[in-house]
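**Student:** Shown below is the structure under consideration.
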C-alpha cells in the first residue's frame, strides 16, 4: 500500500517521530512528549522510496505509539523518520470516484490518473438518532427467490450466509447488475480479504455489463496486511456515506466478505497482544462490528442499503463471527450446499432464510400468503423426505404425493438464470418482476400446472415460460 505523494508533500512540516521497533505489521514509533499522535492518526514513513502508511492503534507510554501498517513492512528499520499527518486515513468522495477502483488509502489501483477531489476521514460517528428515518419501501431485485421469500427494504442490511463455493459472490454481482439497470442506483463495492483474481474478474465484468460507471470499487484483498483488510470496509462506507448525505442518493453498499473484516480484526488484536475471546476471536468483536454497522443506515437525506457476504466457517452458523453479524441484519439469505449439489442456483435455502419485511402490511396480503404457502409446502416436503427415503413414494397418501410434486416444482422454479452467469451457463439472464413471481407461484400452489413435469420448472423465468416450453415439447 502506498499513500499519495500529495499527502506526503503537504505534511512535510508535520511532527516527526522515529521507528524504534518493527514486528511484522506492527510498528512502534517514538515521538517527543508534547507531540504524541492521537489514536487512528495516519503516520507516513518513506520505505526505500515507497510511502507506507501506519495507523495509530495504541499509546503504550514513554511517548511511544503502536501502529498497524497498511502495507508491507519489508525494508523498514529502526531510526527511520515517521511523519504524523494529524488526520485519520481519508477516502476520496464525489461523482469522480464512480467507475474507479481504489485501495484502502483511496489511491487509484486501476492504472488511471490520480484524482484531485475532496477527501473525508474513514473514522466517523454514526448518524445521530434525530437524523434517522425508518423506511419500509421494498427494493425490487428481479431475483425470484429474494423478491418472494426474502424481500429487501431500502436502507436495510442483508446478509448472504454460506460456506466456500456456494455462490455468494456471483449473487452479489447479479444484484449490482440488476440494481444499476433497474433502479439507476449507485453502488459501492468493498472487497474485503477476498481473492485478487475475483476482484479483477469483477472489474472486467462490470465493464462488459456496462455498470462500472455507476459503481465505485474499493479493494483490500487477502494478500494484503491485516490493517488494510480491517480498514477497507470503512473506506467503502465513507464513499457511500457521502453519496447519501451530500448527494441525497439511495446507495447500495456491497461488502464481500464481512467475515474477513472480523478475521482481520482478530489478526490485528493478536498482534497488539490482546487476550483472545471465544473461539480465538478478538474481545472487541461486537464493538468493531457495531461501529461499522451503525453507520450503514437511512437518514432524512438518503439511504444506504447494504448487502454483505458472510463466509460461515465450517458451515457453522453458531460461530461468533457470523452470529455477531446476524444481530445487525434485516434479512438473512442462507445459501445451502445441498441445494447447490442439485444444480439449483441461486442455492438459497428458503426455509433457513428470513426477512423482517415479509409482512402483509408492507408487501401486501396476497404476496405474504403465497410466500407463507410456499414455506409450508417446502417444510412439509422436508418432513416427508425421510419417509420417501425408507419406504418410497408409493407409501404416501394421495395428498402427500401432491405436496411432494408441487414442492419439487417450487424448488426447481426458485432457480434462475443470471445475467452475470450467461457466459458460463449459456442461458440468457432474466429479470423477473415481483408481480410475475407472485402470480407464477400462485399457479403452482393452486394446481394449475400439476400436469407439467417438474423438469420444465428448472431455470424458467415465469409460469408462462414453463407452459410455453411444455406445449412446445408436447407438440413435437
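Quick reminder: no glycine exception, Cβ is built from N, Cα and C everywhere.
Copying in the features that Swiss-Prot gives for the protein in this structure:
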type: BINDING; residues: 162, 163, 164, 165, 166, 167, 168, 169; note: ATP binding site
**Student:** Per DSSP, residue 162 (ATP binding site) is which: helix, strand or coil?
**Tutor:** strand
**Student:** Determine which residues of this chain, when 162, 163, 164, 165, 166, 167, 168, 169 are set aside, have a Cβ within 8 Å of the centroid of the ATP site's Cβ atoms, and list them as they appear in the sequence.
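**Tutor:** Nearby residues not in the site list: 311, 335.
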**Student:** 164, 166: which of these binding-site residues has the sparsest Cβ neighbourhood within 10 Å?
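**Tutor:** Looking at the binding-site residues 164, 166, the Cβ with the fewest others within 10 Å is that of 164.
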**Student:** Say we define neighbours as other CB atoms within 10 Å of the CB. Which of the binding-site residues 162, 167 has the fewest?
**Tutor:** 167
**Student:** Run through the Cβ atoms and count how many others sit within 10 Å of the one on residue 168 (ATP binding site).
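**Tutor:** Residue 168 (ATP binding site) is surrounded by 26 other Cβ atoms within 10 Å.
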**Student:** Can you name the residues of this chain that are 6 or more positions from residue 163 (ATP binding site) yet have a C-beta less than 8 Å from its C-beta?
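**Tutor:** Long-range Cβ contacts: 311, 312, 314, 315, 335, 337.
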**Student:** Reduced to three states, what secondary structure does DSSP give residue 169 (ATP binding site)?
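**Tutor:** Looking at the DSSP assignment, residue 169 (ATP binding site) belongs to a helix.
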**Student:** What number of additional C-beta atoms lies within 10 angstroms of the C-beta atom of residue 169 (ATP binding site)?
**Tutor:** 23
**Student:** Output, ordered by sequence, the same-chain residues six or more apart from residue 165 (ATP binding site) with a CB under 8 Å from its CB, or 'none'.
**Tutor:** none
